[in-house]
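Listed features, source Swiss-Prot:
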type	residues	note
BINDING	GLY41, TYR42, SER43, GLY44, ALA45, GLY46, LYS47, SER48	ATP binding site
DOMAIN	5-244	domain 'ABC transporter'
Amino acid sequence: MTPIVRFESVTKTFSSGKKTLTAVDAVDLTIERGEIFGVIGYSGAGKSTLVRLINGLERPTSGRVVVDDVDITALSESKLRHVRAKIGMIFQQFNLFRSRTVAGNVAYPLVVAGWPRQKRRERVAELLEFVGLSDKARAYPDQLSGGQKQRVGIARALATSPDLLLADESTSALDPETTQDVLRLLRKVNRELGVTIVVITHEMDVVRAVADRVAVLAEGRVVELGTVFDVFSEPQAPASKSFVSTILRNRPEPADLERLRSRFGGRIVTADVRDGSRIGDVLSDAGGHGVRFEIVYGGITTLQDRSFGSLTLELVGPDDGVDDVIRRLRTVTDVEEVQA
């Protein structure tokens, strides 16, 4: 893959009186053409500023932003408009014109671009069919559900056939079921149209559902960058660990361990699970050592066709047998025994 967006030592500061706020701090980042790239961070992490730097709505204080091999940092406003014509944008609050029909909203970028009326009609019909709203062409936004409004927003963003789609908290105002519908549509946009998508979010579930790679932002800096599988399965930065813990509770917390120790009389161990770790082979042989086991906590997650997680086990049997099972587990994965 080749880059479609590059941040080269980009810093963006804002001044308020005598105070200076650093919203984006020395960011180096490459987004590859054709991928779905997630940017996640808590409120104030710099996510929205980052996306505004991509479409030139903000200029960096220092560094370069390169979009489709064009350094947009010092472009004039007129030249920036040509770059923005290849960038679509969808928003949290949809930003539809209430006085225009669904078809009118989708057609708006084409009107601005000077498309002839008949070509506009054909393109709008094509897009509404793509997003599953052909029957809503004459409806108005107030007659639509939240999910339908976002579908209109996606169709409008695709009107001029952009190479890059920026989705800024595009599912934050939706219920969980509708969120999944919209995410499926974004995957369809990426897969069938080849559009690169940058998903800005504070929800790790969104990243897990659609992204190929993810950057974790904290205080304006990229504190972790990698495939979604790597960041989920082995988060390194405190911010990454915090996000992952909100949706994956594979390892017991101290309070959970206290409860497990009081409930189960055997020895308690937590073993990491990775593809090919062969934990099952070790456990299937445990009976031969006079040891029985029970899974008392944990879970396995499949992501990008790979599995990871952890299992907390009670091992019951003679000490030498349990010791041997733990020793064998440690030859295939990381194991931590809970001390009594």
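Cβ atoms are placed via backbone N, Cα and C, with glycine included.
The Cβ of SER43 (ATP binding site) lies under 8 Å from the Cβ of HIS202, each of these being in the same chain and 6 or more residues away along the sequence. Excluding the listed site residues GLY41, TYR42, SER43, GLY44, ALA45, GLY46, LYS47, SER48, the same chain places HIS202, LEU217 with Cβ atoms within 8 Å of the centre of the ATP site Cβ atoms. A C-beta separation below 8 Å, combined with a sequence spacing of at least six in one chain, links GLY44 (ATP binding site) to GLU219.
Counting Cβ atoms from all protein chains shown, GLY46 (ATP binding site) has 23 others lying within 10 Å of its own Cβ. The Cβ of GLY41 (ATP binding site) lies under 8 Å from the Cβ of LYS47, HIS202, VAL216, LEU217, ALA218, ALA239, each of which sits 6+ residues away along the same chain. Confidence over the domain 'ABC transporter' (5-244), given as mean pLDDT on the 0 to 100 scale, stands at 93. Its Cβ taken as reference, SER48 (ATP binding site) is surrounded by 19 other Cβ atoms within 10 Å in the chains shown.
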